[in-house]
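Features as listed in Swiss-Prot:
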TOPO_DOM  1-154  topological domain 'Cytoplasmic'
REGION    1-57  region 'Interaction with SYT1'
REGION    22-128  region 'Disordered'
MOD_RES   SER75  phosphoserine
MOD_RES   SER76  phosphoserine
MOD_RES   THR79  phosphothreonine
TRANSMEM  155-175  transmembrane segment
TOPO_DOM  176-191  topological domain 'Extracellular'
TRANSMEM  192-212  transmembrane segment
TOPO_DOM  213-226  topological domain 'Cytoplasmic'
TRANSMEM  227-247  transmembrane segment
TRANSMEM  249-269  transmembrane segment
TOPO_DOM  270-280  topological domain 'Cytoplasmic'
TRANSMEM  281-301  transmembrane segment
TOPO_DOM  302-320  topological domain 'Extracellular'
TRANSMEM  321-341  transmembrane segment
TOPO_DOM  342-437  topological domain 'Cytoplasmic'
TRANSMEM  438-458  transmembrane segment
TOPO_DOM  459-578  topological domain 'Extracellular'
TRANSMEM  579-599  transmembrane segment
TOPO_DOM  600-609  topological domain 'Cytoplasmic'
TRANSMEM  610-630  transmembrane segment
TOPO_DOM  631-636  topological domain 'Extracellular'
TRANSMEM  637-657  transmembrane segment
TOPO_DOM  658-670  topological domain 'Cytoplasmic'
TRANSMEM  671-693  transmembrane segment
TOPO_DOM  694-697  topological domain 'Extracellular'
TRANSMEM  698-716  transmembrane segment
TOPO_DOM  717-727  topological domain 'Cytoplasmic'
Amino acid sequence: MEDSYKDRTSLMKGAKDIAKEVKKQTVKKVNQAVDRAQDEYTQRSYSRFQDEEDDDDYYPPGETYSGEVNDDEGSSEATEGHDEEDEIYEGEYQGIPSTNQGKDSIVSVGQPKGDEYKDRRELESERRADEEELAQQYELIIQECGHGRFQWALFFVLGMALMADGVEVFVVGFVLPSAETDLCIPNSGSGWLGSIVYLGMMVGAFFWGGLADKVGRKQSLLICMSVNGFFAFLSSFVQGYGFFLVCRLLSGFGIGGAIPTVFSYFAEVLAREKRGEHLSWLCMFWMIGGIYASAMAWAIIPHYGWSFSMGSAYQFHSWRVFVIVCALPCVSSVVALTFMPESPRFLLEVGKHDEAWMILKLIHDTNMRARGQPEKVFTVNKIKTPKQIDELIEIESDTGTWYRRCFVRIRTELYGIWLTFMRCFNYPVRENTIKLTIVWFTLSFGYYGLSVWFPDVIKHLQSDEYALLTRNVQKDKYANFSINFTMENQIHTGMEYENGRFLGVKFKSVTFKDSVFKSCTFDDVTSVNTYFKNCTFIDTLFDNTDFEPYKFIDSEFQNCSFLHNKTGCQITFDDDYSAYWIYFVNFLGTLAVLPGNIVSALLMDRIGRLTMLGGSMVLSGISCFFLWFGTSESMMIGMLCLYNGLTISAWNSLDVVTVELYPTDRRATGFGFLNALCKAAAVLGNLIFGSLVSITKAIPILLASTVLVCGGLVGLRLPDTRTQVLM
């Protein structure tokens, strides 16, 4: 009887062991199937295995299968239940320690529903929570990495890119006078050259900023700077005006991505207490770019001897050398940028934990070695990564031909950029975007509007002063003479010239009124702003002159001959003094920004971004009223320097605030949109203020003051980001 009872007990125990093992293996197989499906959906290869414990420990500690009998006998788990599939991962790379992204989101027996069963609102809510946790953790990690050699190296690399943007703004204004004559640009088309660059920069800022949030800061910056450098070099060699316009358009399109990408990139490797100051120091490179362009223009463009020609079809003048020299900062930044890593904050945002961890370790080790502490260990093991939400569909390889796949890829990327841009108007950044839009537009409109108004007013004052020095010659007669010198700023009225020779004469701002030329010869004559009004020419020979029909107004010709008229466009001697003056004024105006840059960098983290932004814009608006007293060139130049020095603090603080208000997933996109709006406001300001130069001072002064003060008051309503971590 006792033996029979023992047999039944052993049989029950064996049956329970078998049932337990069957259930365990069933649950294991279900979880493995879900794991594979999850891996295929999320494209993870190993992260789910990082904190996965042994399969035999499926039941939590202290929890046993109901009805289980405790025994000391060897279980079948010691020799059975070994799954050969587990051997696939033995000895393989298990990844750098990261957050629990393994089975937390996997649907399994008795666990919460997985991501595929959640609606988008729930997923976005979880992602926001993850981003808040990541922001706090990332700030601590950056503080542990310290501020040192890595940040300074990146500072100079990104500074070269920002310098290239500053150069691009000045290049067209400096080469325009020379390019107009060299490329035969008509007066009606000269304005296109200045506007086309801003148009390219406007489109480029939006596109490259959006792309930086998709493919990364480094990748986007490399591409956009390469585009700028290539077409900037190409523009120095093209001959036709149309090709030159296209090259400058594409060059502007490339450089448009520099500002939004550079500031987003650099801000993401700076700790909170360093961010405001060092972003302000970075702004100084834009000023250096302006100084570099002014100095190079001053040194190169007036040297007409620095030119060569290959027949009459190809002309390479000094202004083309200047264009090449101005492309050097861009090329330097591209070369240096290839040695820098991607932004670790961006990599964490897109779920690339391991790459971000290695870059953060690189930053830490680089700074520690520079401090003489190479033994210090990077203690971070796990970094939170936000939940990834699929938005776009991956293109399959069988999508038609290669060009169709390329077209679909471009369209998909553009659609993704547009979706990111629309999210800039979603909660919680919608109100900030609207306020930033107002501040960016008003500051750009007032700054660039007055920037073009100042030189035009100075030029207008120069013209008035030049007119006062005009020499008037009236009712005189010259016979049997020969002239071979330059005639400048003269008006000849009622004159009579007989049997005279004008040999190699350069006429500059000379007007002949009611005059008679008898048996005269004009040989190898060049003229600028020279006209013959109501004049009579008798038996006169014109040989190798540039006298176009429009220079003869109501004039009469009797038995006259025109031989070998000069064709094409030559670099003229016009405005040699004015060219130097333009370079000098721009040089001083750009140099005046230096004190404002230093002050803003030192006080950015002390008095706050908003105080500096609002105060600088209000003071700039008030300073406009001093223009009432600008009655001379020197006074206007002084006002220009004062105005530039005050507004630079507003620009620096606005850049810092914009970077800090947007979260990482839309930071470059939002910055790019606002920078594109800045360029549109600049074009509008140039048109409006440029049309008011010769009318009155009152309208430009009141308009600029009102716009700047209103923008400054709106800027004071923005959130203070001085104590916030970078989201």
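Placement of Cβ uses the backbone N, Cα and C atoms for every residue, glycine included.
Remote same-chain partners of the transmembrane segment (671-693), defined as residues 6 or more beyond its termini with a Cβ less than 8 Å from a stretch Cβ, comprise 194-195, 198-199, 201-203, 205-210, 212, 256-257, 259-261, 263-264, 421, 424, 436-437, 440-450, 452-453, 456-457, 460, 658-659, 662, 699-700, 703-704. Proximity of the transmembrane segment (698-716) to the transmembrane segment (610-630) is established through 3 or more Cβ-Cβ distances under 8 Å for residue pairs spaced 6 or more apart. Counting Cβ pairs closer than 8 Å to the transmembrane segment (155-175), the top stretch among 227-247, 281-301, 579-599, 637-657 is 281-301. Highest Cβ contact count with the transmembrane segment (281-301) among the listed stretches 227-247, 249-269, 438-458, 579-599, 637-657 falls to 579-599 (criterion: pairs under 8 Å). When averaged over the topological domain 'Cytoplasmic' (658-670), pLDDT in the model lands at 86. Across the topological domain 'Cytoplasmic' (717-727), DSSP classifies residues as 0 helix, 0 strand, 11 coil.
Applying DSSP to the topological domain 'Extracellular' (459-578) sorts its residues as follows: 16 helix, 61 strand, 43 coil. When each of 249-269, 321-341, 438-458 is scored by its Cβ pairs under 8 Å to the transmembrane segment (610-630), the top-ranked stretch turns out to be 438-458. Remote same-chain partners of the topological domain 'Cytoplasmic' (658-670), defined as residues 6 or more beyond its termini with a Cβ less than 8 Å from a stretch Cβ, comprise 131, 209-210, 212-213, 217, 220, 260-261, 263-264, 267-268, 275, 279, 345-346, 349, 417, 420-421, 423-424, 429, 432-433, 436, 440, 609, 718-719, 721, 724, 726-727. Long-range contacts of the topological domain 'Cytoplasmic' (600-609) within the same chain: residues 273, 275-281, 283-284, 616, 648-649, 652-653, 656-657, 660, 720-722, each at least 6 residues beyond the stretch ends and with a Cβ under 8 Å from a Cβ of the stretch.
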